[in-house]
Amino acid sequence: MASNSQPLPTTTTTTTPTTRLTTIQKIKSNLLFHSTLSEINGAIGDLGTYIPIVLSLTLSKNLNLGTTLLFTGFYNFLTGAMYGVPMPVQPMKSIAAVALSDPSFGIPEIMASGILTGAVLLVLGVTGLMKLAYKLIPLSVVRGIQLAQGLSFALTAVKYVKKVQDLPKSKSLNNRDWLGFDGLVLAIVCVVFIVVVNGAGEKDHELEIEEDLGDSIEGAAERKKSGRSLKKMIFSLPSAFIVFVLGVILGFIRRPNVIHEIKFGPSNLVLVKFSKHAWKQGFIKGTIPQLPLSILNSVIAVCKLSSDLFPTKDFSVTSLSVTVGLMNLLGGWFGAMPCCHGAGGLAGQYKFGGRSGGCVAILGAAKLVLGFVLGSSLAHFFKQFPVGILGVLLLFAGIELAMACRDMNKKEDCFVMLICTAVSLVGSSAALGFLWGMVVFGVLKVRNLTSIKSLSSVWKHEEQEIV
C-alpha cells in the first residue's frame, strides 16, 4: 500500500506548476498583438455602437458613465485574455431601446433587467441547454439573424450620417448640413478614406503585402517596388483609429470650453437600490425582449462567426453564455450598463484589423484609464463628438456582419435566411424573425421528406454544418 501511494504527491506537485505555466503562456499568447497598428485600429471598430447607446443613456437616464467604463473595460481585458480574439463587450440593445422609449424605465429597472438576463444566460450555459440550442438551430436561421442585425446597424448608420440626431431621445431631426465639423462632406470623406485603405476585406490587403515581399526578394524594378511600397503603406494605415482621432479633435474645436467641464477622478461606486416594482418591470419590459437577442446574437451567432473568422480557435456557446451571465451579475448591482457580446462588434473589430485578444484588451485598458481619470465627466466631451463619424464606423461594422451570410449557397438556405431577416427588420424583433425562420425551415424539411424518417434526422444536415 505504501509503495502504491508514494507517487501521488509527486504527480500533484509536478503537474500544478506546469498547469499554471500553461495557463500563463496561453494568456500571453491570447494578448499578443499580431500587428500593433492593426490591433489598435480594430479596437475602434466597435465604438460605433458603444458610444451612441452609452451616451444616450448617460444623458437621458443619468447612467453612471464612469462606473460603466470601469466595468466594461475590465470585461474587455478579461475576455481578450480568455478567448484570444477581439471578443466585443457591447450594451444590451433591447434593454437600451426600452429605457430610451419609456420614461418610467429608470436605472433600477435597467439594472434589474440586466441582472435577470445574465442569470438566465448563466443557467442556460451551466446546464448545457445553450449547447443544445446551438446544435438544433439551423445555420440559415443564424445567418438570418446576423443579416438582420447587420442591415439594422447599417440603416442606423446611414440615419446618423444623413440626419442630425438627438441621442438622449433617440430621435432623428432635420437633414444634416453639407459643410461643417459634423457635415455630410466630412462623413463622405471618412467613408471614402476607409474604403481606400481597407477595401472590401483584409485578405486582399494581405495578398498585396505578400506580393510586395515577393517582388523585393526577386529583385523587381526600383520604380515598381516603390509603387508597391506606397500601396503597402496606404493599406497598413489604421483607418478607423485615424477617423476616431479626427472626431476627437473636431469635438474640441466645436466647443473648446468643454475642457473646463471635465473633472478628474473616478466616479463613486454606489449600490443600486431595487424595489419589487423595479424587478417586476425589469423582467417584463427588459429581460423578456432581450433574452432572444442575447441567445441568438450574443451567444450563438458570435460563436458561429468566431469559428468562421478564427477556425484555429476553439469556441464554446457554454463559455460565452457563462461570461455574459457573470458580467451582468457583477456590474448590474453598481449601475454599470447591462452588456453582452455581439456579432456586430466582432465583425467591426475584425474588419478594421483586430485579430487577437490584445485588440480588446487595449480598448479595455483605455476605458479603465478614462474611467479612473475622468469618470462620468467624460460625457460632456462626447456630446460634442461628431455623430456622423460614429455613423461611419457603425456602417462598416454592420456591413461586415451582414457579409457573414455569403456562405449561404443553396437556394433553400437563402430562402429561410431572407424570411428570418425580413421579419426581424419589419417587426423590429429578432425573436419574431427567429420564430418564423424556424417554422419555415421545419416546413421545408417536412416537404422535402421522401420517406418516413426520425425527427432527429430532419436536423442532421444542419447540425453538421453548424458544428
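Any Cβ shown, glycine's included, is placed from N, Cα and C.
The transmembrane segment annotation in TrEMBL covers 63-85, 105-124, 136-158, 178-197, 233-253, 315-336, 357-379, 385-403, 415-444.
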Interface present between the transmembrane segment (105-124) and the transmembrane segment (315-336) (three or more C-beta pairs under 8 A): yes
Beyond the flanks of the transmembrane segment (233-253) by 6 or more, those residues with Cβ under 8 Å of it: 35, 37-38, 40-45, 47, 181-182, 186, 190, 193-194, 196-199, 205, 208-209, 259, 352-353, 381-382, 384-386, 389-390, 392-393, 396
Best-contacting stretch, by C-beta pairs under 8 Å, relative to the transmembrane segment (357-379) and drawn from 63-85, 178-197, 385-403, 415-444: 63-85
Dominant neighbour of the transmembrane segment (385-403) in 63-85, 136-158, 178-197, 415-444, by Cβ pairs under 8 Å: 136-158
Positions on the same chain near the transmembrane segment (63-85), where near means CB under 8 A and six or more residues out: 26-27, 29-31, 50, 54-55, 57, 107, 110, 266-267, 269-270, 306, 309-310, 313, 315, 319, 323, 327, 330-331, 334-337, 339, 341, 346, 354-361, 363-368, 370-372, 374-379
Long-range neighbours of the transmembrane segment (415-444), counting only residues six or more past its ends (CB under 8 A): 137-138, 140-141, 143-145, 147-149, 151-152, 289, 292-293, 296-297, 405, 408, 458, 462
Long-range environment of the transmembrane segment (136-158) - Cβ separation under 8 angstroms, sequence gap at least 6: 48-49, 296-297, 300-301, 304-305, 343-344, 347, 391-395, 397-405, 407-408, 412-414, 416-421, 424-425, 430, 433-434, 437-438, 441, 459, 462-463, 465-466
